[in-house]
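Contents: one structure, followed by commentary.
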Amino acid sequence: MDLPQCLVAVYLLLVSLAQCQHYYLLRPIPSDTLPLLELKEDPEPIYDPREKDLNETELRSALGDFDSRFLSVSPPQDRYTGNEDLEELDLQQQNPTGLMPKDIKNLDLDVQWGKKRKASKKLKRRLQMWLWSYSFCPVLYAWNDLGARFWPRFVRAGSCYSKRSCSVPEGMVCKPAKSTHITLLRWRCVQRRGALKCAWIPVQYPIITECKCSCAN
């Protein structure tokens, strides 16, 4: 594509975005409760499980389903898995996965340029792919150590890329859109009749599974 065509392509893109910007502003905002805030624990070691409470065979039996994609008993070799440490340029060059969003696929790019010509199908496709790639919000996964009072203590949690805006014009950001829950065991201690009683209890831990380009506020 030569320079005049590039300039026309950018013009077409901005015109189309200006026409649909009101649609973006009306999109629902995903929940802001993810990722989870850091849990504040009582530092007293009396509330920690003892060695006899960490029998892996018994804990696996109590837990049931053990999803090794998101759970690990021992520290993973690499904390970051996937694309957590990608540079911005590398992130922009990633190929989006899944179906092209309808709001991008249905953009009106039939604006005349030059004297009589309209943008070709190939140019329209390039514009759509560029916008899709720019607004693509991958889930960035990293292993988190939840501490000795969770079993398994290492969880592969997701987050959304937040180093730049994902829209043109700027203003929208990547936010959590979907999540799932995995079951962990939580060491819980309570005072009963003057004695400290502790036991492993199952808890649900949310994991981000999808991020979307959404309004900042």
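Even glycines carry a Cβ here, placed using N, Cα and C.
Automatic, uncurated: that is what TrEMBL annotation is.
Given the structure is predicted, the values throughout are model-derived calculations rather than measurements.
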- Note on the structure: Answer for the disulfide partner of CYS189 (TrEMBL, candidates CYS174, CYS198) is CYS198
- Can you tell which of CYS211, CYS213 is bonded to CYS160 by a disulfide, based on TrEMBL? CYS211
- Item | Distance from CYS198 (disulfide bond) back to CYS211 (disulfide bond), taken between C-alpha atoms, in Å | 38
- Note on the structure: Within 10 angstroms of the C-beta of CYS174 (disulfide bond), the count of other C-beta atoms across all shown chains comes to 25
- Query: Of the recorded positions ASN55, CYS160, CYS166, CYS174, CYS213, which one sits closest to CYS198 (disulfide bond) when you measure Cα to Cα?
  - Reply: ASN55
- Query: Between CYS213 (disulfide bond) and CYS174 (disulfide bond), what is the CA-CA distance rounded to a whole number of Å?
  - Reply: 4
- In the structure shown, which of the disulfide-bonded residues CYS160, CYS166, CYS189, CYS211, CYS213 has the fewest other Cβ atoms within 10 Å? CYS189
- Message: On a C-alpha basis, identify the one among ASN55, CYS166, CYS189 that is nearest to CYS160 (disulfide bond); the candidates are the recorded positions.
- Response: CYS166
